[in-house]
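As structure tokens, the structure follows; a few thoughts come after it.
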Amino acid sequence: MGKVYDWFEERLEIQAIADDITSKYVPPHVNIFYCLGGITLTCFLVQVATGFAMTFYYRPTVTEAFSSVQYIMTEVNFGWLIRSVHRWSASMMVLMMILHIFRVYLTGGFKKPRELTWVTGVILAVLTVSFGVTGYSLPWDQIGYWAVKIVTGVPEAIPIIGSPLVELLRGSVSVGQSTLTRFYSLHTFVLPLLTAIFMLMHFLMIRKQGISGPL
């Protein structure tokens, strides 16, 4: 085992990387409220795991979406628990994100030189809300259907580009299969990928600049 470790250590300097990760200075003013961002990340990871598990059974069609969710809840082993954890962690993620934003704002964590960290955080907040909007529609029940119809109809008030934008969101003039397919694709692929990218940028900047000092 020692020889294997030495082989990797010689090429990758694993010990130096480990020392850098474990020996980062933590300011004395840091308290439990500085953990809100980490809790938000944890909720996101739970979302990814439980969401991935449900993709094995969920069917993104207007005729089968609702019945597939019912199947997950009633027939799949621990399916009810997986979906419930997914919903609970979604609510927790939004709550922790809001509290994290307040903490950063109140402690001045958005000020120079951390402006870009704040910008990526705002983008992550928008992505988090987008998760909620797209995920809410996936069961394709009455609530989900009408929520999608209302949300996708909002841009229609924008002059000139309103109607084309609505059609782009819905995939057609009216809400239907194309809309569900778009929302499913956004919820399970596009948004998670963008979130992972911006989270990585967010954490790398925090790692580089350190935690902001007290007011």
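Note: Cβ is positioned from N, Cα and C throughout, glycine not excepted.
These features come from Swiss-Prot:
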- 32-52: transmembrane segment (TRANSMEM)
- C35: heme c binding site (BINDING)
- H86, H187: heme b 2 binding site (BINDING)
- 90-110: transmembrane segment (TRANSMEM)
- H100, H202: heme b 1 binding site (BINDING)
- 116-136: transmembrane segment (TRANSMEM)
- 186-206: transmembrane segment (TRANSMEM)
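For the transmembrane segment (116-136), the residues of the chain that approach it from at least six positions outside its boundaries are 47, 90, 93-94, 97, 100-101, 104, 109-110, 143-144, 147-148, 151, 183-184, 186-187, 191, 194-195, 198-199, 201-202, 205-206, 209, judged by C-beta separation under 8 angstroms. Remote same-chain residues near the transmembrane segment (90-110) are listed as 33-34, 36-37, 39-40, 43-44, 47, 117-118, 121, 124-125, 128-129, 131-132, 135, 212, 214-215 (criterion: CB distance under 8 Å, separation of at least six residues from the stretch ends). Looking only at Cα atoms, the residue listed as 'heme c binding site' sits nearest to H100 among the binding-site residues H86, H100, H187, H202.
Of all the binding-site residues listed (H86, H100, H187, H202), H86 has the fewest other CB atoms within 10 A of its CB. DSSP assigns H100 (heme b 1 binding site) to a helical segment in the three-state reduction.
Across the structure, H86 (heme b 2 binding site) and H202 (heme b 1 binding site) place their CA atoms 24 angstrom apart.
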